[in-house]
Amino acid sequence: MKDRKQNKKILSREIQMYFKRESQYKGQMLAWIIADAIKIVGLCFIWLAASNTKGIGNQEYIVSYYILIMFVSKFTSDFTLEHGIRNILDGRFSNFLVKPYSYLLEYLGTNIGGNILRIVLFLPSFIGAIYFARINNLWIVDFNPYLIFLSLIAIILGFGISFLLGNIVCLFSFKIKEMDGIRILYYNIASLLSGEFVPSIFLPEIGKFLFEVLPFRYTLSFPVELIIGRVNDYEKEQGFILGFIWLLILFVLYKIIYKKAIKKYEAEGI
């Protein structure tokens, strides 16, 4: 019980500290709002054009899908790579090793704070996008309470997977000092295979197989598919089972890699 209270205090402190830091950069927050609005419009137009050309899918599904993709991504995003790699490379990670709790708690608090801020900033664009989609008959979501409940579980699961993936990639910086290429490669792979850039309906059969088997789908596309209601009971069950299996695999993998990596950590700054 005492440890649980301490963990809550640490999380709360990190979230508050994140808000204090980011509140100083009003221009950056405005840029996020504009970038999100442009991204929604851009992705919708691109895939609407693709669907008309190839005759795949329908316009209502594509518009609803991308509006929800942008919204759900604010809940499941992980920012560990943005600061975790720097902490290891410049030697600051050694500060975490002398603390009586896992550094993952501080990273988790920073991520939760970042996601809350981005959700708040994205709400005007999200509401506006739904409004314009509705008046143009391009919105197919009725927000079924049962599906929303399932999607909330899937979102928590997706955030856990995303958080572990980010921390696993960070651990490579114990061995590799030039991480920019690996970081960019990871972001590109995650964006492609999570359904952020390419909906599964546009993928060939082998692509759909990889999409469903790999963990990235469960960080973004799967919660959105649940909200839209285009998955049957078997696909829901299969999705949750695979998602939880990946969560367990990644947790074990993180533990193994961390134990090996920390033995070689020299805390040198570069």
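Any Cβ shown, glycine's included, is placed from N, Cα and C.
Among the features that TrEMBL reports, transmembrane segment is placed at 29-50 (among others).
The transmembrane segment annotation in TrEMBL covers 62-81 (among others). Same-chain neighbours of the transmembrane segment (62-81): 36, 39-40, 43-44, 47-48, 51, 107, 110-111, 114-115, 118-119, 122, 125-126, 129-130, 133, 138-141, 151, 155, 158-159, 162-163, 165-167, 169-170, 183, 186-187, 195-196, 199, 219-221, 223-224, 227-228, counting only residues six or more beyond its ends whose CB sits under 8 Å from a CB of the stretch.
Residues or ranges marked as transmembrane segment by TrEMBL: 116-134 (among others).
Sequence-distant contacts of the transmembrane segment (146-172) (same chain, six or more residues past either end, CB-CB distance under 8 Å): 72, 75-81, 84-85, 88, 104, 107-108, 111, 115, 179, 182-183, 186, 190, 215, 218-220, 222-224, 226-227, 229, 236, 239-240, 243-244, 246-247, 250-251, 253-254, 257-258, 261. Residues or ranges marked as transmembrane segment by TrEMBL: 146-172 (among others).
Annotated transmembrane segment per TrEMBL: 184-203 (among others), in sequence order.
According to TrEMBL, the feature transmembrane segment maps to 239-257 (among others).
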